[in-house]
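**Q** The following feature annotations were taken from TrEMBL:
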BINDING   G81, F86, R173  S-adenosyl-L-methionine binding site
Amino acid sequence: MSDVHDELDGSPILEEVLGDALDKLKVFHVKLATEGEPRGLIGPRDVGIIWERHILNSAAIVPFVREATSKRQFKTVADIGSGGGFPGIVAAACLPDHRFTLVEPMERRVEWLHECVDEMGLENVSIVRSRADAVIAAVRGSKGGRKGRGAEPVDLDGNPIHVTHPFAVVTCRAVAPMTKLSGWTLPLLDKGGRLVALKGRSAQDEIVKAAKEISENGGIHPRVVDAEVGPGLESTHVLMVDKR
Ligand SMILES: C[S@@+](CC[C@H](N)C(=O)[O-])C[C@H]1O[C@@H](n2cnc3c(N)ncnc32)[C@H](O)[C@@H]1O
């Protein structure tokens, strides 16, 4: 427990929704409550509502990720623009049998993500300090071999990006509108993979506006579903697109 009171501290909803991940996520919650605001990872008005606004909200994607990988041998997930760890850190704690790659360009956020992974004891997370485009280049290189494809893609520190396969799932929250996000996420997906994006109320409009970009990047069946955050809590919106 931190000194900061959260309206869901001690609520049975946490155990019900987060199950076995709760102990690890309590460590994350304390860290966010004490360091999140001064380090610029959450807003000042979020401090007493971190469980609902950030942790349970991120966990709302978990059933959709699980469903998307249920028939796949390699349960790999790329979280683009992870920031303070939403939804990537939360989903990784909830899905220990999935392998997560968190992609985030900002150095201070990447430092934070490494600290979270260490302090929470997460063993299924890699962190790449990069924008999505360099990871896309790594995935494209891995599919056809590097021959004739130019220099090996590197992260923002100049290190090679060790991504050897397209991903089963790509997740993200609050990174960009679908017109941009389509090109940043869909090329990372394996055939039959799925984008699972947490979105606001404009999700359906975004799909309409980005029809061309979704299709050009191999996306099919764009749709928005209501996702439960927890009993008695307001649901959220998840935008999903399958990869042809
Ligand atoms: C508004 S923040 C959202 C952070 C987190 N997903 C959340 O929901 O709190 C957007 C994040 O996307 C990252 N970002 C911006 N452009 C990106 C790109 N081209 N590729 C990957 N991440 C990017 C930013 O550094 C930032 O951390």
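Indices start at 1 and increase along the chain as displayed.
Glycine is treated like the rest: Cβ placed from N, Cα and C.
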**Q** Compare all C-alpha positions of G81, F86, R173, the record's S-adenosyl-L-methionine binders, and send over the largest distance in angstrom.
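**A** Farthest-apart Cα atoms in G81, F86, R173 are separated by 9 Å.
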**Q** For a quick check of packing: other C-beta atoms within 10 Å of the C-beta of G81 (S-adenosyl-L-methionine binding site), how many?
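**A** There are 23 of them.
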**Q** So, three-state DSSP: helix, strand or coil for F86 (S-adenosyl-L-methionine binding site)?
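**A** Reduced to three states, the DSSP call for F86 (S-adenosyl-L-methionine binding site) is coil.
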**Q** Provide the number of Cβ atoms within 10 Å of the Cβ of R173 (S-adenosyl-L-methionine binding site), excluding the reference atom itself.
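**A** Counting Cβ neighbours of R173 (S-adenosyl-L-methionine binding site) within 10 Å gives 25.
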**Q** When DSSP is mapped onto helix/strand/coil, what comes out for R173 (S-adenosyl-L-methionine binding site)?
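**A** DSSP assigns R173 (S-adenosyl-L-methionine binding site) to strand.
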**Q** Taking the Cβ of F86 (S-adenosyl-L-methionine binding site) as the reference point, list residues of the same chain whose Cβ is under 8 angstroms away and which are at least six residues distant in sequence.
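**A** Spatial neighbours, sequence-distant, of F86 (S-adenosyl-L-methionine binding site): H54, N57, S58, R173, A174.
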